Amino acid sequence: MQQPDNYQRFDRSTSLEKANLVGGLFGLIPAIALFVGHLLYNGEFTLTFNPNDWFGIILLIIIVIGGVLVHELLHVIGWMLAGRVSLSAMKLGFDRKTLTPYAHIRQALPINAYRFGTILPAIVLGLLPGLIGIVNNLPPYTAFGVFFTVAAGGDMLILWLLRRDPAQALVIDHSDRVGCEVLIPNESNSR
């Protein structure tokens, strides 16, 4: 691997507040596509909700909280698998100011490994359950997929920020912002 001196750094990050706002819009487009896909494929989308069903309400809360935790764990798993890094390089946390959980990797990764770990929760918790719900006419699965696709909007925003960076770049995850710094080898840098 080349020395860091042979790289130029570029910031590809945003604030947590902006990521939650703009990222939600990034997640909304594929989420709407899942919902409309369910309607077009099945002709209907029916969910029932009984506000007096305390068991159902508690179960929904558990599913949402559990899904949020699994979302962050999927980032960790994706970065470990694609980047071949150890668990000790990972950090899970919770930002009290914005009530946002996060996963952070403490070492540089090849950009495509970072991309893989970044998008993995959107695929596993969003698109796959949504598609299963559509194909099998299971509105709760589609709704779960829609919710977690919107929740992965910040991750989609990060991929958008990285869209023009070359495959040979390295990524250093920000510890206090959403996104990363990209290290691009000088010989491939045309900026």
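Just so it is clear, glycine is given a Cβ too, placed from its N, Cα and C backbone atoms.
These numbers come from a predicted model, not from an experiment.
Annotated transmembrane segment per TrEMBL: 21-42 (among others), in sequence order.
The transmembrane segment annotation in TrEMBL covers 54-82 (among others).
Panel annotation: around the transmembrane segment (113-135), residues 27, 30-31, 34, 37-38, 41-42, 67, 70-72, 74-84, 105, 141-146, 148-149, 151-152, 155-156, 158-159, 162, 171, 173, 180 of the same chain, lying at least six beyond its termini, place a Cβ under 8 Å from a Cβ of the stretch. Summarising the annotation, TrEMBL assigns transmembrane segment to 113-135 (among others).
Residues 12-14, 19-20, 22-28, 30-31, 34-35, 38, 45, 47, 63-64, 67-68, 71, 75, 111, 114-115, 118-119, 121-122, 125-134, 171, 178-180, 182 of the same chain sit 6 or more residues outside the transmembrane segment (141-162) yet have a Cβ under 8 Å from a Cβ within it. If you look up TrEMBL, you'll see 141-162 (among others) marked as transmembrane segment.
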Distal contacts, the transmembrane segment (54-82) - CB-CB under 8 A, six or more residues away: 90, 92, 101-103, 105, 109, 112-114, 116-121, 124-125, 144, 147-148, 151-152, 155
